[in-house]
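Taken from TrEMBL as is:
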{"type": "SIGNAL", "residues": "1-23", "note": "signal peptide"}
{"type": "TRANSMEM", "residues": "55-72", "note": "transmembrane segment"}
{"type": "TRANSMEM", "residues": "79-99", "note": "transmembrane segment"}
{"type": "BINDING", "residues": "Cys93, His97", "note": "Cu cation binding site"}
{"type": "TRANSMEM", "residues": "119-142", "note": "transmembrane segment"}
{"type": "DOMAIN", "residues": "572-688", "note": "domain 'Response regulatory'"}
{"type": "CROSSLNK", "residues": "Lys673", "note": "ubiquitin cross-link"}
Amino acid sequence: METRVGRSIVLLFLLVVLGCVSGNDSGEYDNCNCDDEEGILSIQNILVGQKVSDFLISIAYFSIPIELLYFVSRSNVPFKLLFLQFIAFIVLCGLTHLLNTYSYHGPPSFQLVVCLTVAKFLTALVSCATALTLPPLIPLLLKVKIRELFLRQNVLELDQEVGMMKKQKETSLHVRMLTREIRKSLDKHTILYTTLVELSKALDLDNCAVWMPDEERREMHLTHELKASPSRDFRNYVPRNDSDVLDIKMNRGVRILRPESALGIASNGGHGGTGGAVAAVRMPMLRVSNFKGGTPEKVETCYALLVLVLPKSNLRVWTNQELEIVEVVADQVAVALSHAFILEESQRMRQKLAEQNRVLQQARKDAMMASQARKAFQKVMSHGMRRPMHSTLGLLSLLQDENMRPEQKIIGNSMLKVSRVLSNLINDVVGISENEKGSFPLDMKPFLLHSMLKEAACIAKCLCVYKGFGLEIDVQKSLPDLVVGDDERALQVILHMIGDLLNTYDQVLFGNSDFTMWKYVQMMQGYIWISPNPQCLPQGMTLLLKFRKAPPLGKSIVAPRDYLNSQFKGLKVVLADDDCVNRIVTKKLLEKLGCQVTAVSSGFECLSAISASNNSFRIILLELHMHDMDGSDVAGRIRNFHKWPLIVALLSSAEEHEKQRCIQVGINGFVHKPVQLHEMADELGRVLQRAGA
């Protein structure tokens, strides 16, 4: 606004000066004696022209103040006093020109001369006042001009900033477009090829290339390239310790490569300094392993390199805007590549877990099949070896109370003892196969150590006589007689040791042939060692077993019991067992005690016998595992309707875990297999005594 005002003041000043000069020359031709009164340039015509000119000038002068007054009233402009002076000056000049038009009709009158004189005087006065006012305004006008120059400079700077903002906006649009294209896929190859194509389009590149480290991180290999050279006579790898590679990896931002750079030459199709300018930037590739054990900063980061080549046909160089685009896009590509690598490793881990799960499922299936096979083997062992041995022990126990000669009694007792040892061995072998821990408990009870050694010597003597050897036994009197331990397993170890010594020609050493015996010795806190002869055959064995000394119990431990004509005479018993031989043997034992036995072969026959007896039976002897109905099921059905008779289950050592379930269904007692006469009598007596029968 101030600039326009200054310009208006200067123009008005020039116009006033010209008007004054024109007005002052109006009366000089009144007394001119010219001969050419008829031509165009006659005095009369000239005077008419001046008259018209003065009139038009006066009208123009009168119109200018009106415009200035309107401009001053509508605007808040400085120098209003100066404008008023100009307005007065212009009005007086117009008045002078208007009065001057009346002086062309002859000699002017006195009044006209006075008016012209006053008008010119006032005009001169106003012009002098205006001239005196202008010098102080010159610095202000210069200040306005300087401000105008500053404003122009600011406008230029604003234009530059607007241009930069436009470039930044274009850059952001390019980056956003590139990012959108890059993130359309999570496949690393698709991401890299999309990056190369889109960067080439956006920046008009000659070539783009991606370099990645090998598995050992010793070299950088050219893995992806936009324009592959048809004939590559240069290497497509660069050492990891190359100066340019190290410089790019250690610094953020885009690096301009030298013309002789090996990385730039390889990315430029093998062309050295003849190619375009080459820039490179690093791209970190984070994997799942970077997040194990801490943050990524604590783990060495793996970098890929993005190399870009400008066209070589012109002298184009990299601009800051292009470098910013490359840096931002490289960061976005690094994020996308990290996501792709993590997804790839996650899929690989998922496949590995699926394979491991498949292997585990197959192992579980194999374990279930092995468990089923083991159970089938245990069933075969139980039916094929346990039950015959139980029957044999039962029959041998019947001979103990028969009237036999001493020699026969010794043989019978030896057979019974050996049968017990064999039965325990079978039970332990089956028990180890059934028990996942491979262990079994010892039967700790008081026994007579001297008697056990004599029994072992009696059995061993038979073996030695058969092999043609003699046997002597020496038991020191200082050795305690009454001790606590597992006498049957100790006897088993002694007999096995003697058998190994007699079996020298088979070259079988203890510890290699029978792992179970060694477990017995360890469980009894003992030790056994062998003294071989020069032929590496066992010549002597030493056995060390530890027993705890028991307090004296009198003679009750060996006192004989008379089961004949006892409380069992006439006792009505139902025997349920699906094994024919065991059923016969158990029946003989019960009849030996004086019981009246009704033997049945199934659980249903047992229920039928109980229903038809009108509660005349006092004891039911049940085999727990029968084909048609389990013994616990039979007991449960009986207890649903009757509290009588008493129920005793036949229980093997492998079925100890079923005791609690049997007690819950109402079974009153248990007879352990192999069933022997005195053990059955003791258990039946306890059951009847607890019931008060």
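Placement of Cβ uses the backbone N, Cα and C atoms for every residue, glycine included.
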(Q) Could you give me three numbers for the domain 'Response regulatory' (572-688), the DSSP helix, strand and coil residue counts? (A) 58 helix, 25 strand, 34 coil
Q: Using a 10 angstroms cut-off on Cβ to Cβ distances, just flag whichever of Cys93, His97 is the loneliest among these binding-site residues.
A: His97
Q) Taking the Cα atoms as reference points, how far is His97 (Cu cation binding site) from the residue listed as 'ubiquitin cross-link' in Å? A) 157
Q. Reported as an integer number of Å, what is the Cα distance between Lys673 (ubiquitin cross-link) and Cys93 (Cu cation binding site)?
A. 153
Q | Neighbour tally for Lys673 (ubiquitin cross-link), based on other Cβ positions within 10 Å of its Cβ | A | 24
Q: Express the predicted model's confidence over the domain 'Response regulatory' (572-688) as a mean pLDDT, rounded to an integer.
A: 86
